[in-house]
Amino acid sequence: MPKVTTKQVLAVNAPTKLSTTTTSNKKKPYDRSNGGSGNSEDQRHFGPLFNKNLGQHILKNPLVAQTIVDKAEIKPSDIVLEVGPGTGNLTVKILKQAKRVVAVEADVRLAAELTKRVLQNDDNEVVDTKKLEIINGDVIKLAKLPYFDCCISNTPYQISSPLVFKLLFNNSNENGGFRCAVLMFQREFALRLVARPPNDQLYCRLSATVQLYAKVTHVLKISKNNFKPPPKVESSVVKLVPIHPRPQIKFEEWDGLLRICFNRKNKFIRNNFLNKKVLDIMYKNYLTYKSLTNNTGGSGNDNDNSMDQDVVMDVSGIKEIVETVLKNLNYEQARANKLDIDDFLKLLNEFHKHGIHFS
């Protein structure tokens, strides 16, 4: 039977009673407005479970479900993390290919129905139920993700961005991280993930940050007609392959830089950096960093060769550094929506050389 761990017992209409891990989450189930797990039979088996007001739309096309699973290129030795399994249309297909499946479902009712479906073998599939572990809870609130090689998710749209970063920064895989993630999102969000400069209007801070840590490709468009009832938006599937080794860069520094650059992504980044509020923030960061390095007896950064330990600049000094950095890189008329990952890395490194930090 599916492996379940446990704080709450769910009685199901199956030959046995099972328990499932639950987290203390009193919120409503995730909105699955870009499609939930299901097939044409789900209306008959599980109809009362789905709430249109919560946007729980059922993926009814088994060919699409199989294509999503195939894109993950699952190996017989793989442990697969599935987020938002719903009633299990993807799950039963994954179980046939993977060594083990850990399914995380926020809706306690759907977790129970998934358990029942696998136990009762409603699909007449040859499935080893011992390969399935169901966790009933909020995947974003899990302190630590279980180990996995691949992740497959029909993602509730409210957690699209949090899930991407949860996966990219997960601390569960000690041997180099996971191999890939195949994730379904609303079409616009998916296109933002894969957008690239200089001509893609959807290119944004999210695009640059995710692409710093992973290779992102658009693998499949899914029409709203593949869901029952049809959602208001189209969906897409993207594949994330983490970059190894991980870039040796402090995320807070990268994020701080990009927040400034993309504040007005179509404008010159020079104007963003010379904004009074931005200069004040950079100045405070400069003072904090200088204080820390003075206390430790060093600069704390081998590239930081311009900050005199005995001289404290004022805000006008920060402005001069901004002008110098942009001139050195020929970025005086650069716009964020035209800069790629390497450009931002050069910019961050040049600021660090002048003692300027963003966290």
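A Cβ is built for glycine as well, from the same backbone N, Cα and C atoms used for every other residue.
Taken from TrEMBL, the feature S-adenosyl-L-methionine binding site applies to His57, Leu59, Gly84, Glu105, Asp138, Asn154. Counting Cβ atoms from all protein chains shown, Asn154 (S-adenosyl-L-methionine binding site) has 27 others lying within 10 Å of its own Cβ.
Mean pLDDT, taken over the domain 'Ribosomal RNA adenine methylase transferase N-terminal' (64-244), works out to 91 on the 0 to 100 scale. Marked as domain 'Ribosomal RNA adenine methylase transferase N-terminal' by TrEMBL: 64-244.
According to TrEMBL, the region 'Disordered' annotation covers 1-47.
The secondary structure of Leu59 (S-adenosyl-L-methionine binding site), as reduced to three states from DSSP, is extended strand. Counting Cβ atoms from all protein chains shown, Gly84 (S-adenosyl-L-methionine binding site) has 27 others lying within 10 Å of its own Cβ.
Look at the Cβ of each of the binding-site residues Leu59, Glu105 and count the other Cβ atoms within 10 Å; the largest number goes with Glu105.
In the three-state DSSP reading, Asn154 (S-adenosyl-L-methionine binding site) counts as strand.
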